Amino acid sequence: MRILLLEDEEAIRGFVRINLKRNGMDVTEAEDGETALQLAEEADPPFDAALLDVMLPTISGFEVCEALRRRFPRMGIIMLTAKSQEEDKIRGLELGADDYVQKPFSPGELIARLSALHRRMMPGGLSSHDVQPQRPTESGQFSSDGTAALASNTHEGVDRQEALGTHAPSEPATADAGRSGMPSHASADTGELSRSLATDGGAWGNGNGYAAHASPHQAEKRPSEASRSADEQHVGPFRLSTAKRRLWKSGEEVILTPTEWTLMKLLMDREGEGLSRDEILNAVWGRHFIGDLKIVDVNIRRIRQKIEATPSHPVYIETLWGYGYRFNRGDEG
């Protein structure tokens, strides 16, 4: 997996680079937005995903996100946001980001998020030689000012706390962690997270585009009214290709991000059924996701902008107030 890492704090950038490379990822770094956009244009093949810090010295991470999404619609994008900036999360998602990681974050959480994103980008889930979690030899959490609390030395034998000049205490993940079934201290225990991902499927695919841990009812393919083949399914005016991860409406392609495509597939698979926000979150982002339900609403809104004639009065994706959403086949035309 080829990653573009945009982070102006050298300490964070170096720490992220080490842990991503130890998990088999190819990392290219940039410390400002202009450099990141230039690297993205020159990359051949294109980057699979980008990690973008929000607060940058010149152009912001939001501007970079918007430019990358416009130029590379199928690139995975994860925003790195400050803990207290709720509006940053929403804005990044609305501009096309697939996910966000809140500072402070642990290496295990970041690896899990990237792996889940990679799963959403792959036609049939990940194979055994793709991204695999390894127990990080460094555990720690990044704070919004670039400090890190580290529990061990690097393979170069340098104590990272001494190297970074900080001994900041580690912090719990987020107040929302309990919603996802992940204890608040779990993000600091990267080894335990890696082990649980390795044993229960965690962020890796199960061949249908959903999180491997989704319940059988969530992941099952309805034999419903929707006509299907091994590669394609048709619901109303929509045709969705699993092998190509593409969507067409009335013969015209609808360009979706990796996350939007996975969410659209879930909705089409469960056409006519009411899906709760929690159910959608667990199926698309996984039960290890640390965040809130707004990420579901923002992605639904983005999909509506692309498939509905009048997004404010949706025909295909119906809101079930106080619960979730339901996909309807609508007009066959």
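Glycine is treated like the rest: Cβ placed from N, Cα and C.
Unlike curated entries, TrEMBL annotations are predicted automatically.
As recorded in TrEMBL, the features of this protein are as follows:
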DNA_BIND  230-329  DNA-binding region
COMPBIAS  129-155  compositional bias 'Polar residues'
COMPBIAS  218-234  compositional bias 'Basic and acidic residues'
DOMAIN    2-118  domain 'Response regulatory'
DOMAIN    230-329  domain 'OmpR/PhoB-type'
MOD_RES   Asp53  4-aspartylphosphate
REGION    123-236  region 'Disordered'
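Sequence-distant neighbours of Asp53 (4-aspartylphosphate) (same chain, 6+ apart, CB under 8 A from its CB) are Leu6, Glu7, Asp8, Glu9, Ile12, Gly61, Met79, Leu80.
Across the domain 'OmpR/PhoB-type' (230-329), the prediction's mean pLDDT works out to 92.
Here the DNA-binding region (230-329) has, by DSSP, the following mix of helix, strand and coil residues: 34 helix, 26 strand, 40 coil.
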